[in-house]
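Colleague: For reference, Swiss-Prot lists these features for the protein:
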type	residues	note
BINDING	11, 59, 87, 93, 104, 114	ATP binding site
ACT_SITE	117	active site, pros-phosphohistidine intermediate
């Protein structure tokens with residue numbers, strides 16, 4: 001099993017409901033370790049840059065609006081198979097389809113306000129981590 005790092009974000013719908021600690025605990029209880037964390041309020045420009053891969057999708061404007069509507073907590077998580085483990089703990093994008101006990105099943109309000117984001121592959125993890133953190137901010 002490989003120790004790897006992944007990117008995780010607690011979205012505005014969750015931070016506004018003071019769920020940062022509860023969500024982080026779920027991640028840590030699954031064996032993931034937070035090696036970098038900061039609370040940020042994304043500008044529209046930052047949200048557009050971070051979600052540029054979705055630029056041509058019909059929901060892009062709404063996504064940017066939502067992500068810049070309040071604070072987010074961006075994190076780097078580390079652990080064995082961290083990418084897959086984080087995605088398992090998050091649950092399906094649509095909370096109606098998420099497994100019991102997952103972050104989205106427990107905390108998400110809707111498919112749009114689904115509380116968390118996590119990298120889906122090593123390449124995206126590296127890109128997303130670099131978008132928000134310098135190397136000196138990650139301390140394992």
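Glycine is no exception: its Cβ is also placed from the backbone N, Cα and C atoms.
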Colleague: Check each residue in the chain of residue 59 (ATP binding site) that is at least six apart in sequence and keep those whose C-beta is under 8 Å from its C-beta; list them in sequence order.
Modeller: 112
Colleague: List the residues of the same chain that sit at least 6 positions away from residue 11 (ATP binding site) in sequence and have their Cβ under 8 Å from its Cβ, in sequence order, or write 'none'.
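Modeller: Result: 66, 67, 72, 113, 114, 115, 116, 117.
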Colleague: How many Å separate the two farthest-apart Cα atoms among the ATP-binding residues 11, 59, 87, 93, 104, 114?
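Modeller: Answer in Å: the longest Cα-Cα distance is 22.
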Colleague: Counting other Cβ atoms within 10 Å, pick out the least crowded of the binding-site residues 93, 114.
Modeller: 93
Colleague: Provide the number of Cβ atoms within 10 Å of the Cβ of residue 104 (ATP binding site), excluding the reference atom itself.
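Modeller: Taking all protein chains shown, residue 104 (ATP binding site) has 22 Cβ neighbours within 10 Å.
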Colleague: Long-range same-chain neighbours of residue 87 (ATP binding site), Cβ under 8 Å, sequence gap at least 6?
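Modeller: Result: 118, 120.
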Colleague: Using DSSP and collapsing to three states, where does residue 11 (ATP binding site) fall: helix, strand or coil?
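Modeller: Once the DSSP labels are grouped into three classes, residue 11 (ATP binding site) ends up as coil.
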